[in-house]
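Quick look at what Swiss-Prot annotates:
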SIGNAL    1-34  signal peptide
ACT_SITE  Asp342  active site, proton acceptor
DOMAIN    640-719  domain 'Cytochrome c'
REGION    726-757  region 'Disordered'
Amino acid sequence: MTSGLLTPIKVTKKRLLSCAAALAFSAAVPVAFAQEDTGTAITSSDNGGHPGDWLSYGRSYSEQRYSPLDQINTENVGKLKLAWHYDLDTNRGQEGTPLIVNGVMYATTNWSKMKALDAATGKLLWSYDPKVPGNIADRGCCDTVSRGAAYWNGKVYFGTFDGRLIALDAKTGKLVWSVYTIPKEAQLGHQRSYTVDGAPRIAKGKVLIGNGGAEFGARGFVSAFDAETGKLDWRFFTVPNPENKPDGAASDDILMSKAYPTWGKNGAWKQQGGGGTVWDSLVYDPVTDLVYLGVGNGSPWNYKFRSEGKGDNLFLGSIVAINPDTGKYVWHFQETPMDEWDYTSVQQIMTLDMPVNGEMRHVIVHAPKNGFFYIIDAKTGKFITGKPYTYENWANGLDPVTGRPNYVPDALWTLTGKPWLGIPGELGGHNFAAMAYSPKTKLVYIPAQQIPLLYDGQKGGFKAYHDAWNLGLDMNKIGLFDDNDPEHVAAKKDFLKVLKGWTVAWDPEKMAPAFTINHKGPWNGGLLATAGNVIFQGLANGEFHAYDATNGNDLYSFPAQSAIIAPPVTYTANGKQYVAVEVGWGGIYPFLYGGVARTSGWTVNHSRVIAFSLDGKDSLPPKNELGFTPVKPVPTYDEARQKDGYFMYQTFCSACHGDNAISGGVLPDLRWSGAPRGRESFYKLVGRGALTAYGMDRFDTSMTPEQIEDIRNFIVKRANESYDDEVKARENSTGVPNDQFLNVPQSTADVPTADHP
C-alpha cells in the first residue's frame, strides 16, 4: 500500500476484495451524516454551532478544546458514572483525541488502528487495521501512538506510523484512498527515519500531515493532499536543502534566501537532515486564512555538531505561518534559536481573541517545551509578550521587543563543552498533552511538568548509528545510575526532588498563574474545558478527574485502572452529554525513563476508551495490578562485557526498555524476560528479530553478535543487582510495588514557580 509514492492507491472492487482482511466491516452507521460543508461546521463550532459534536482535533479551528455543553457542571459532576467502556486490542500508549460526528465516535489507537463506535453505547460499528509492519516501531522515538484523525465531508483521515495517509468512508470504514507521504526523491538525510503519529488537519479541502523522526535523522516537512483524491497539492520543508538547492516545493524561495544562511556551512545537519519535524501541531485559522506549523528540534540535538555552533538554524523551534492555498511562507516566529535542548515548538498552537493594551487582538497563545508562555499576533507573527509558565534555568527572560531569549551562558552546553543540568529537560515544561481554554474563566489550562536532564556531548565527536537515536549526547549520562554508590544515591534524591507534575491555570491577560493543581508526578493527560465550569483531566496514576475551572477544587475522581495521557472530549448522543477519554500508559517518559516513571504512580496497561454520563450504569472488569514480576535471574555474567554492554544498551535499547534496563511498565522488563538467560535465545530475539511482528525489530545490521552478547551480560548484571529491591518493594498485601523507586522516596515538594524549582 506504500507503492506509487505520491500517486494515491486507486480503489477497485478487486483491490477491496484482496484487502478484505485489513479493511473495515460490519453494520451500517445508525445515524445520518450532516450534509453541511465540514469547514463551515468546524468554523461555527467556535460560535456555538454543533455543540454536541467534536469535529476536529481541538474541536474547532481555534483548538481551544472548549465545549459549550453544560448538562454536566460543577453542581452535578460529582454524580458522574461510567456509561460504557470499549477494550482496545493493544495494551500500549493511547494518545488519541476521538472525533464525534452525529453520534459516531472515531477513535485512532496504537499501531494506527481506527475504531468507529456508537457514541451512546460504545458498540463497535466498524474497525480498520492498516497493518503497520512491526519492524517500523524502532523508527519512532516515543511509542507507536496515534494522536487522532480528521473528518471532512463524509470521510475520516488518519496517518499511519509507517508514513501513510489514509482516507476512509466514514459510514462503512472502507478505503477511499491511501498515499505514502515520504518522498523518495527528496533530500531527507541519510537515516530517513520517518513516522507519522500526529493528527492530520484539514484546511479548505486539503489534508495536512507532518511527521517525526529527528531523534534518528530526518528533515522536516508538511504535505497537503487533496481531501477528495489524495493528490499532492503542495509541500513545505522546514529546514533548508543541504546543498541550498530547490526541492520543487512551496518552501524553496524562503529556505534558500532566509533559512540557509542561518545554518553552518558544514556540520552533521547535512548528513542527518537537520530536523525540524512537525510531529504534532498543525492549525488552520479561518480568521487570518493562514496555516500555522509548530516546528520541532534539530537533528542531531547537539548544536555544535549539527551546525558548527553557528546560526539560529531556521526554522527549528519556530511557529511558521503559510498560505493554505499555495503552501507559501508568510511569517515565522522562532521561540528557541540555536536549539540544543530539544525544545520543540510542536506543542499545541491555540488562537483566541483577547485584550492587549486595551485593544482586542486575535492572537496565538503557545506553551512550548522551553517553559515560556508566548502571545503573538496571529496575522503578523509579531511578538507581544512572553513569561515563564514554570521554572526554567536556560534563559534570563525574553527580549521585550523581539521575544528572543536572553541565554544563561552555562546553558549553551555545546559551546562551553561542559555538562549542564537543564530544567526543563528534553521532555519540556509542556509536551504533547493538550491544553484547554475557557472563554468563561478566560484561563488557559496547561498540563505542566518538570523533568530535568543532564546534557553532555557525545565523546569523540558525532557518530551516527543505524536503528538508534543520534542526538550527539553522551547516552551514558542521559539517565540515572542505579547502584548503591553514595554519590549516585544522592543524585537520585536530587533528581526526584525536582521531578513534578501539575496543572497550571494561566491567566493570559495577567501573564501569571491563577491557581495550580498538584499531581503525583509528571506525564499527565491533556485537558478539556466546558461551559459547565468544569475541566477534565486524566492522570499518570490512573485516575480521571473533574476540577472546578474557577479554582481547581477536585470535584470528581474515577479509578481508570491505567494511566491516562490522552485528552478528554465531550459530546451529546440522544440528547445526553458524555465525557470520554482514551486510556493507556505510554510515550517516551515510561519508555526511556523507565523506573523513574513509576513515581507518577504504579500502573499496568488496560488500554480502552471510557465514557461517562450522569446516569451511567457500567463498571470496569477486575484489573491486573501486578505487571512485570521479578524472576530470579541467572547468577553469572562477564564483568568486562557488561561494562561495554551498558553503552550499547543505552544507545540501542534504553529508548524503549528504559534507562538502566528498568521498564516503565509499557514494554517488557528485560531483567525478568526469559531471553537474556541464554546467549542463543537472546541473539534470536535481538539479532534475528524473532518478535519483529510484535514491534521488536532485528539489530544484526546495527550490532555485531559480540555487541549483542555484551548487552545480554549487562541486563543479567542489572537483574542480579536489582532483584532483591524489586522483591522487597512487593512485600505487602497487594503484591503491587510500593511507592518508591529503588528505595528513594519521591519528593512531595510544592510545584515550581518561575523563580524556584
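Note that Cβ sites are derived from N, Cα and C of the backbone, with glycine treated the same way.
Counted within 10 Å of its Cβ, the other Cβ atoms near the residue listed as 'active site, proton acceptor' come to 26, all protein chains included. Regional average pLDDT for the domain 'Cytochrome c' (640-719) in the model is 90. Taken residue by residue with DSSP, the residue listed as 'active site, proton acceptor' is part of neither helix nor strand, so it is coil. Each residue of the domain 'Cytochrome c' (640-719) gets a DSSP state, and the totals for helix, strand and coil are 52 helix, 0 strand, 28 coil.
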